[in-house]
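Novice: From Swiss-Prot, here are the annotated features:
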type     : residues : note
ACT_SITE : Asp74    : active site, proton acceptor
SITE     : Tyr17    : site 'Important for substrate specificity'
SITE     : Gln75    : site 'Important for substrate specificity'
SITE     : Glu159   : site 'Important for substrate specificity'
Amino acid sequence: MSEPIQRKLILGSTSPYRRELLARLRIPFEVAAPDVDESARAGETPQQLACRLAMAKARAVAAQFPSCVVVGSDQVAELDGQALGKPGNHARAVAQLQQMRGKSVIFQTAVAVVCVETGFAQMDLAQVKVNFRQLSDAEIEAYLRAETPYDCAGSAKSEGLGIALLDSIDNDDPTALVGLPMIRTCRMIQAAGIKVLGA
């Protein structure tokens, strides 16, 4: 009886944060950039947007590499039911953090795993509730000058100095806030045929 094929793993993302998280598994993988329009659709909730984009990213890369197992992920920060995107610049980051101070923000982090050749396709969503402290304008300014998190949904990096902005974090998948829920990702890539612990 022949050994099952050990498929190649591909991360469908250019995010350095997701790459670093997946590398923690100590299994080989490649990175490919998904060509996906990330615009929200009319009436789409932040949760729906994160799920749709995670699957779209995985499918876009899987179409180029049909024999591989592809991981796609997306994160949308949600405040009062509205999506907060990546700020992109200092002024927008200041505005986001001013909006979020003293409030709870839900980070919707979706992950999808796809293999075209086997027909495998799964998706899951991790919701992280982040409670922000009542921040002063001076604290916001000092944080942004120190860490420049303009490429992060919600204008903060919890894995760095951004932790000082928070009162508490409530979730069941610790890395979800950084951009890739690794408990869910491990479960799905193993179901797709990737050996994580060599067993």
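Any Cβ shown, glycine's included, is placed from N, Cα and C.
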Novice: Reduce the DSSP letter at Gln75 (site 'Important for substrate specificity') to three states and note it down.
Specialist: strand
Novice: Among the recorded positions listed here, Asp74, Glu159, which has the most company in the form of other Cβ atoms within 10 Å of its Cβ?
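Specialist: Sorting the candidates by Cβ neighbours within 10 Å, the top entry is Asp74.
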Novice: If I take the alpha carbons of Glu159 (site 'Important for substrate specificity') and Tyr17 (site 'Important for substrate specificity'), what is the distance between them in whole Å?
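Specialist: With the alpha carbons as reference points, the distance is 10 Å.
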Novice: State the Cα to Cα distance, in Å, between Gln75 (site 'Important for substrate specificity') and Tyr17 (site 'Important for substrate specificity'), rounded to an integer.
Specialist: 12
Novice: Could you give the Cα-Cα distance between Asp74 (active site, proton acceptor) and Tyr17 (site 'Important for substrate specificity'), in whole Å?
Specialist: 12
Novice: In the structure shown, with every protein chain counted, which of the recorded sites Tyr17, Gln75 has the densest set of Cβ atoms within 10 angstroms of its Cβ?
Specialist: Gln75
Novice: What does DSSP say about Glu159 (site 'Important for substrate specificity'): helix, strand or coil?
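Specialist: In the DSSP reduction, Glu159 (site 'Important for substrate specificity') maps to coil.
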